[in-house]
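Notes follow the structure.
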């Protein structure tokens, strides 16, 4: 068929309406009807008593079947297909060996869109009458609608064997060529994992063969691979409702469950598909992946719960290599591995894992909050604030609001000078420790010690000396220290620019000189000379 080229350029258009068989009455039927009419007109001359039985002349089954068929034809022409279907069925029951009755019921099934039932009827008609030409027309049409390329081709060949010039199937011949082309392109795209283009070719094929289960399920599989799970599931379930033993439909339904993190049910569907079709390669491969993922994930969780963090880290990493396509499960595996890395002190690796989890599921709240917490612990408050701001948009809870408030406060504090760091003490340092730290560093950075340094070095030492004065002024004052620790800006307490580091220095080393309102009683520098150092 594929090598046959049929030129139909000058042929008339084929009829749009599926024609039913309306055969003329045979001589036997006419004779039977005539006999029935004669009997109806005869009258019994004798008196009939009420108790006497009335004798009816039996009607021939073939005659009654023909009447049912004729009534069915009237209903069909009036587009009352349900009624026509019932009458054709009654005709078949009366005369089960008449090909035309099956042919008419086939046409009725086609008008109702039930091409599978139509195909069964027309095959029966052809079995009864091998030369039933209309039967081959319907056989070709039904096969094409069902996406059966080989069946369509065989039906067309048989029909053309009766009359090669007959153009009744010109549309089916063109449709067959297009369908074969779309199927080949879809298969090639599927093999190369180009699911989006494969979906495009499937849709075109379905326009030609709207009842093709094979193309619908291939479309559903592509939808699943493109993360359009609801659409894929709807197609698979619809097919399963028509045929609960369709292994391909069960497999696709399993895919949608598997990719939506329902490993248990997905695995059950793959196993069910293999029970129906032990050679189903796709179901076999997916069952293996589902089993491995389930085992690795459960093993990693158990290791984590029992505190075996390093083996858990290895197990989660192995699980992530099984199926990169499964975004939902992998996002959870990355989050779990982030928790393990946090326990092991690998904070940067933990942040990377959280980021990978969020790249697969940007609304994954646990991963988002965990990353924000990690940023916070690493004192990267700016990134922590960003994550908490995203989280509060997804879930406006009191807990997240408080976390965001705290992160903003820490960010504000982090942008100020760190006086603890300048003095080289911890936030828990005592008053005595703060004094000792200032004494040590002030002596190191006092400008007089760097009188012979370069101009650049002098400026650097001046800056450090001034910062030491600011730090000591704030941290040595309990009230200022408390406000500083609470996040208040320096401007709310006193401006750092107004602090004279030399005065701070003199007050610390020569407190007796400051007995008149905080001013020195006499001049002189810390080393017995006059003060010659000035800040710009």
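For all residues, glycine too, the Cβ spot is worked out from N, Cα and C.
What TrEMBL lists as compositional bias 'Basic and acidic residues' is 28-37.
Summarising the annotation, TrEMBL assigns compositional bias 'Acidic residues' to 38-50.
Summarising the annotation, TrEMBL assigns domain 'J' to 418-488.
Here TrEMBL flags 20-50 as region 'Disordered'.
Across the range of the repeat 'TPR' (65-98), the DSSP-based residue counts are 27 helix, 0 strand, 7 coil. Residues or ranges marked as repeat 'TPR' in TrEMBL: 65-98 (among others).
Here the repeat 'TPR' (247-280) has, by DSSP, the following mix of helix, strand and coil residues: 26 helix, 0 strand, 8 coil. Residues or ranges marked as repeat 'TPR' in TrEMBL: 247-280 (among others).
The repeat 'TPR' annotation in TrEMBL covers 293-326 (among others). Sequence-distant contacts of the repeat 'TPR' (293-326) (same chain, at least 6 residues past either end, Cβ-Cβ under 8 Å): 225, 258-259, 263-264, 267, 332-334, 336-337, 339-341, 343-344.
What TrEMBL lists as repeat 'TPR' is 365-398 (among others). Sequence-distant contacts of the repeat 'TPR' (365-398), counting only residues of its own chain at least 6 positions beyond either end whose CB sits under 8 Å from a CB of the stretch, comprise 331, 334-335, 338-339, 342, 347-348, 350-351, 354-355, 357-358, 404, 407-408, 410-411, 414.
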Beyond the flanks of the repeat 'TPR' (247-280) by at least 6 residues, Cβ under 8 Å: 213-214, 217, 220-221, 224-225, 227, 229, 232-233, 235-237, 239-240, 286-287, 289-291, 293-294, 297, 325-329, 332
Helix-strand-coil residue split for the domain 'J' (418-488), DSSP-based: 53 helix, 0 strand, 18 coil
Secondary structure composition of the repeat 'TPR' (365-398) [DSSP: H/G/I, E/B, coil]: 28 helix, 0 strand, 6 coil
